[in-house]
Amino acid sequence: MAEQTTPARLTVLAGPTAVGKGTVSADLRARYPNIWLSVSATTRAPRPGEVDGVHYLFLKPDEFAGMVAGGEFLEWAVVHGRNSYGTPRRPVEERLAAGAPALLEIDLQGARQVRQTMPEARFVFLAPPSWEELVRRLEGRGTEDAEERERRLVTAQVELAAAAEFDHTIVNDDVQRATDELVALMGCAPAPRERLAPTDPTSR
Ligand code: 5GP
């Protein structure tokens, strides 16, 4: 369980495609259920296992456009030149008004928009251990076809160059370690580690 140790504020986690933002978010949901993670709206189709209202709000393009027109997004962007993604404004504002921490996992364009409107937020960049590892992860997850992978790698190159705009960089070399570092930055106490088995004094 995470315990708040510093004043609550908004934290924005961004980073290149396939760096593992989704995996870190899933680990956070599992091990830190009391850290509130914004549920984005998107026009993209659900992937197997994704649940509407949990992983995303899956909207039709006209529904998304209606929310844009109504000023209902804190930020929104067309990501990888294809689908629209946005952060519903009201839930985030309610969390912050209640003095509770909130986390957004969004792309670089969205992070830049939040920096304009909420410069007091904490901006965290999730980086891959290397470019080769990023390419390997994108190919390994097999959720995109070759054309989409190529498109995402072009975006990723631009995104990697933006790390310097962020307040902190976390290298995603190990998911749980990266999540714990994020939680510590948010001013929440880390989840207790599993107890290590007692050391056998006879083994060396
Ligand atoms: P995916 O389709 O793989 O779930 O996400 C594609 C990209 O969209 C990721 O880089 C993710 O961070 C970004 N994304 C997810 N939700 C939002 C959002 O609400 N706003 C913005 N700007 N980007 C988002």
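Every residue gets a Cβ built from N, Cα and C, even glycine.
Caution: TrEMBL annotation is automatic and unverified by curators.
If you look up TrEMBL, you'll see G15, P16, T17, A18, V19, G20, K21, G22 marked as ATP binding site. The domain 'Guanylate kinase-like' annotation in TrEMBL covers 8-187.
The Cβ centroid of G15, P16, T17, A18, V19, G20, K21, G22 marks the ATP site; residues of that chain outside this set whose Cβ lies within 8 Å of it are L126, P128, L134, R137, N172, given in sequence order. Sequence-distant neighbours of G20 (ATP binding site) (same chain, 6+ apart, CB under 8 A from its CB) are L126, P128, R137, N172, V175, A178.
With the fewest other C-beta atoms within 10 Å around its C-beta, G22 stands out among the binding-site residues P16, G22. The Cβ neighbour count for G15 (ATP binding site), using a 10 Å radius over every protein chain in view, is 29. With a cut-off of 6 Å between Cβ and the nearest atom of ligand 1, the binding-site residues G15, A18, G20, K21 reduce to K21.
In sequence order, L13, A14, G15, E105, L126 make up the list of same-chain residues 6 or more apart from K21 (ATP binding site) whose Cβ falls under 8 Å from its Cβ. Under the three-state DSSP scheme, K21 (ATP binding site) falls in the helix class. Taking the domain 'Guanylate kinase-like' (8-187) as a whole, pLDDT averages 93 in the prediction.
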